[in-house]
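Have a look at the structure below, then the notes.
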Amino acid sequence: MATPAEVAAQQLIYPPNVMFTTQALTTVKFLAACFAGAAAGILGLQNWSGFALFLVSTLFSSLCIHTLNCRGRPAKYIPDGWTGLMNPGQENASTFILVWTLFYGIVHVYD
Amino acid sequence: MSNSAVSLYLDPQIRDWVLFPITLVMILVGILRHYVVLLLQSPPKKLPREAIREQRAMARAQILRATSANSPIPPVYYQSISRHLSETFEAGTYLKDGPPRDGDAPKMPANPMTDPAAMDGMMSGMKTQMVMMVPQMVIMGWINFFFQGFVLIKLPFPLTLGFKSMLQRGVETQDMDVRWVSSLSWYFLNFFGLNGLYRLILGGDNSADSSRDMTATPFAAAPAGPQDYNKLFKAEKDNLEFSEGLYKWIGEGVEDRVLSRYHKI
């Protein structure tokens, strides 16, 4: 059972707003994965450099959200705080790989 | 070892007629699956008025309790609602079959096989599973039949030799790099990678998501049989009294807080 302080703190959170924030974050992470995949494919990055680009894009987008949207305090806006902001999102790694393979194939494999 | 500096030249028509069509077909079939599942779902059965009334009474009590530590309701209203609900739970006025008479046998919890309501839930779960699985198998058969025997695309990342047999199914060479793959592996890449797209177009709760297929089972969602609301009401009454002890109006002392914020105190 949660402590009374936690229960009280939780009751101050408004669920529809939390859902909206989470939905927006999911969309941003998915689009970031897509564009990173396209960039990696077009640039012709292979092996580890492609995955490095994915990592860099995840970090960069979470940094942008952290400074511009959360104004330096992610725990105030996002349910899981730092970790909720940093993780690349559910299954966005497979999305990245799909789009990366697609653009790499279009640009570099086919004439 | 294979010389990976040599690059294969692929006909651009493979790209036009295989790569894009497979992706397009998978996206459209996913959307189709979602809508088919939506149409196949039978509307929930209408409950009689008494049954709804007892569920609503329960819900009201739970809502009241949920915010009792930081309650937006002033004390007069909170206590009157709480006491009224406690009394009716005790007397059983909201029960579906009327207040309990002495000497009634307790109701048996229904067997999921015989209770029609739970059976509907299981059937709809199983229908969903079937609808999700059939298109996948059909597409795999289609790809294996039409798009077999040639190399489709080169993966930008390396894989171990163990994947060769799976990813280069129609192409029987021994020295070719594992990175050159056949259309079936493009199918698998799409299978995993399109879930994010479905989540974006169809909303979070869509039925086209293949990650749900692995986790959900048709038997997991069988709802509990008709609950004994009398017992639930008694338990809820105790919870209500407990929450009344925890109750604190969020507007208590608000005059002092406002004044101190404007530095009048």
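Every residue gets a Cβ built from N, Cα and C, even glycine.
Curation plays no part in TrEMBL annotations; they are all automatic predictions.
Residues or ranges marked as transmembrane segment by TrEMBL: B:17-40 (among others).
What TrEMBL records for B:131-153 (among others) is transmembrane segment.
The transmembrane segment feature in TrEMBL is assigned to B:184-202 (among others).
Outside the transmembrane segment (B:17-40), and at least 6 residues removed from its termini, the chain residues within Cβ reach (under 8 Å) are 124, 127-128, 131-132, 135, 139, 143, 147, 152-153, 183, 186-187, 190-191, 194, 197-198, 201-202, 206-208. Sequence-remote contacts of a segment are chain residues at least 6 beyond its ends whose Cβ falls under 8 Å from one of its Cβ atoms, and for the transmembrane segment (B:184-202) they are 18-19, 22-23, 26-27, 30-31, 34, 136, 139-140, 143-144, 147, 152-153, 166-169, 208-211.
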